[in-house]
Every structure is written in C-alpha cells, then in structure tokens.
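Here the structure is laid out as structure tokens; the discussion comes afterwards.
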Amino acid sequence: MTEYKLVVVGAGGVGKSALTIQLIQNHFVDEYDPTIEDSYRKQVVIDGETCLLDILDTAGQEEYSAMRDQYMRTGEGFLLVFAVNSAKSFEDIGTYREQIKRVKDAEEVPMVLVGNKCDLPSWNVQNEQAREVAKQYGIPYIETSAKTRMGVDDAFYTLVREIRKDKDNKGRKGRKTNKPNRRFKCKML
C-alpha cells in the first residue's frame, strides 16, 4: 500500500486542524486550540487505489516557524490553507510556498491552494483572487468548509493526485536521459 506524506500549512487560525480532524474523524472542532504539531494517519481509497495518508497538521503561529524546515523536508505534498475571511492569511500563502520550494530545492512541488471557512457569510478574499493565484502557481484551488465538510475530501485527495502526477513526471524524465547520444559511427576501412 502506498503511503503519502501530506503537510497542512497556513497561518494561525485558518482551520488547518479543523480540516484534518474533519477528514480523519468526521467531526467539526469549533474551539480554537493552537497546534504545535499533530500527526494523523488514515487509510483511504483514491481512484481505486488503497493508500495510507500520513498527515502532518502544523503550527501556524510564528513562534513555531523554526520547526517548518524539518517537516517541509519530509513532506511529499502540501495543502496551502488560508481563511476566506482573512486577507492576511491569503497574503501569507506566498511565503509558505517560497519556503517549501527553498527547503525542497525544487521549482515544482505538489501543492493545493485551499480556501477554508467558505460557510461564513462575509469573505475578504474573493474566489477570483484565489483562482488567479492558483493559476499563477500552476496548482489546483479547492474551496472548503471544515464546519459543513464541503470540499474536505476533495482537497486531500486532489493533493494525492498531484503527488502521483509529480512522481510519474519524475519517473519519465529519469528514464529518458541515461544513454549517451551517439551521432557519429566509426567505420573501419
């Protein structure tokens, strides 16, 4: 069974833990208890393949930022979570993305942009803004509500699909380039 290491990142209070717990335990946690770092595992079937999701729910608070490099090194894919009612959390997404790319030393890292708290009546980040940023980054955008469970499975499953795509692409590139290019042939006269 394939195991996928997923990391949930974003500013404090955007609902990273609520999304993760909704996926794992099917219930909504409405009280805010800042996370330092929690790990969850769940077996799921995605596109007919049984797999194990190893999900790291990370600290959004700045005082725990020193821990980020370590989990970014081990993660295979990242949910970049912001709250639709917080423009600041949306602005912070770029910083998380750049840090992930720096730590992974790669331009292409599997990521999904997630706009959470879509059940709230007032949004400070519009759908079009988020879609435009996702398009610039070349990643999918999913709107979620941990409270109503809207889009929760879709966000995590889309990330697994992005990881699979990335592995397929790397596998193809690796197979192509191992033989030297021989243009000239020697002839004995």
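Cβ coordinates come from backbone N, Cα and C, glycine included.
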Range among 32-40, 68-76, 176-184 that Swiss-Prot annotates as motif 'Effector region':
32-40
State the count of C-beta atoms found within 10 angstroms of the C-beta of GLY13 (GTP binding site), not counting that atom itself.
16
For the binding-site residues listed here (THR58, CYS118), tell me which residue's CB has the most neighbouring CB atoms inside 10 Å.
THR58
Number of Cβ atoms other than its own within 10 Å, given for LYS16 (GTP binding site):
28
